[in-house]
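Here is the structure we will look at.
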Amino acid sequence: MSENTFPGRLGINPFGPESRAANTEKPSTSHIVRVTERDEDKVNPTFNNKPLKKFAGDRATNTPLQAFKLGASDGFPEHYGMGRRTSVSAESLNPNPTASSNESWTPPYHRKTPEQLERLKKSISGNFLFNHLDDEQSAQVLGALVEKPIPVKDIKVISQGDQGDFFYVVEKGSFDVYVNPAGSVQPGLGGLGNKVATIEPGGSFGELALMYNAPRAATVISAEGSCTLWSLDRITFRRILMDSTFKCRRLYESFLEEVTLLSTLTKYERSKIADALVTLKYPAGTTIKEGDVGEEFYLLESGEAEAFKAGCQNAVKCYSKGDYFGELALLNDAPRAASVVSKTEVKVAKLGKDGFQRLLGPVESIMRRTKYEGVEEIDREFPGSAAAL
């Protein structure tokens, strides 16, 4: 249909299906690398299979190695105890890590120029770990991040099997990810393992070791020179990002309790949906266009939106807080046959197709019975389209 059929900001369609990388070695920059965590009790070797430069990242030190050597009179061999522990269990994995912590804690702050802040905001704008942060939390994260220039290729930023102390966001350049099935870097050729992905600007890595207090699950190496990373330390990561995730889940659960469609679900079922939702904000006039492939289901958290059909200038349905749309296109595996335009700035909770099919099975029959007043009349007048929002 013509792009001029509906009101709103035509041509802008953030609700459309997300792009998917054709090459598995070059994933979308919005994806975070996820690798299965390995056995914590593996000993961390210090060998690698190619000459990699030193990166002053996790537990870096400028102290000469000789300063750590013990004399013969100590009764210990040289370098005794120099290996890094990889099985650490002292840190709490409470889903709300700040619940019992010192309330006087304040996040670190590193002054940045306006130009640095703009670059950093752009780098994290598409990262899902930061999507649910409020303005105060976002400001804390921006203040705590530290710029880490990576001047040349083949600098090893993190090593599989090591204990992790930092989370990294890529601003510039690319980084290759290697995984060794043994669970850690091994000596000799091929010791890094297999290359499984490349992280590009906007991507991030290192969160798994901090979230689960486990060894690094992969080795990440700069794939080119003149790269730029931003690092966030373990404590700040856990206190801000993990605590905000916990709070976000609680907010979602409260919101889902108010959604009539989900009233028949158990608390456990709603909690699983809450974990899968992603919050997005859009300005007034943003459009989900008729004819798009349906890949997402939306719950309206705040704001107002309207549905339009081809050939009709008047809205056929209005949406407000607690309403939902996008379900029929997923239920019927059909293109969207109506356009939804945000009347005001809106905040929506998005659920992908896989999560929709897996988690909303118990209410499928209710969604199929949903009647869209006014849509049926439009369909009778324009029989070429079905009422699948």
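Cβ coordinates are placed from backbone N, Cα and C, and glycine is handled just like the others.
If you draw a 10 Å sphere around the CB of ASN180 (3',5'-cyclic AMP 1 binding site), it holds 19 other CB atoms from the protein chains shown. In the three-state DSSP reading, ASN180 (3',5'-cyclic AMP 1 binding site) counts as coil. The 3',5'-cyclic AMP 1 binding site annotation in Swiss-Prot covers 129-258.
Per Swiss-Prot, the feature 3',5'-cyclic AMP 2 binding site maps to 261-377. When secondary structure is read from DSSP and collapsed to three states, LYS321 (3',5'-cyclic AMP 2 binding site) falls in the coil class. A 10 Å cutoff on Cβ-Cβ distances gives LYS321 (3',5'-cyclic AMP 2 binding site) a total of 15 other Cβ atoms nearby, all chains included.
According to Swiss-Prot, the feature compositional bias 'Polar residues' maps to 21-31 (among others).
Residues or ranges marked as compositional bias 'Basic and acidic residues' by Swiss-Prot: 34-43.
The feature compositional bias 'Polar residues' is assigned by Swiss-Prot to 87-105 (among others).
According to Swiss-Prot, the feature phosphoserine maps to SER87.
What Swiss-Prot records for 1-128 is region 'Dimerization and phosphorylation'.
The region 'Disordered' annotation in Swiss-Prot covers 1-57 (among others).
Per Swiss-Prot, region 'Disordered' is recorded for 87-110 (among others).
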>> On a C-alpha basis, identify the one among ALA276, GLU306, LYS321, ARG336, LEU351 that is nearest to CYS248 (3',5'-cyclic AMP 1 binding site); the candidates are the binding-site residues.
In response: ALA276
> Which of these binding-site residues has the least crowded Cβ, counting other Cβ atoms within 10 Å: VAL146, ALA197, ALA214, CYS248?
Replying inline: VAL146
>> Please identify which of LEU129, LEU261, ALA276 has the densest Cβ environment, defined as other Cβ atoms within 10 Å, among these binding-site residues.
In response: LEU129
> Given the binding-site residues LYS321, ARG336, LEU351, which one's Cα is the least distant from that of ALA214 (3',5'-cyclic AMP 1 binding site)?
Replying inline: LEU351
> Given the binding-site residues LEU261, ALA276, GLU306, ARG336, LEU351, which one's Cα is the least distant from that of LEU129 (3',5'-cyclic AMP 1 binding site)?
Replying inline: ALA276
>> Just to be sure I understand the packing, how many Cβ atoms besides its own are within 10 Å of the Cβ of LEU351 (3',5'-cyclic AMP 2 binding site)?
In response: 24
> Can you check what DSSP calls ALA214 (3',5'-cyclic AMP 1 binding site), collapsed to helix, strand or coil?
Replying inline: coil
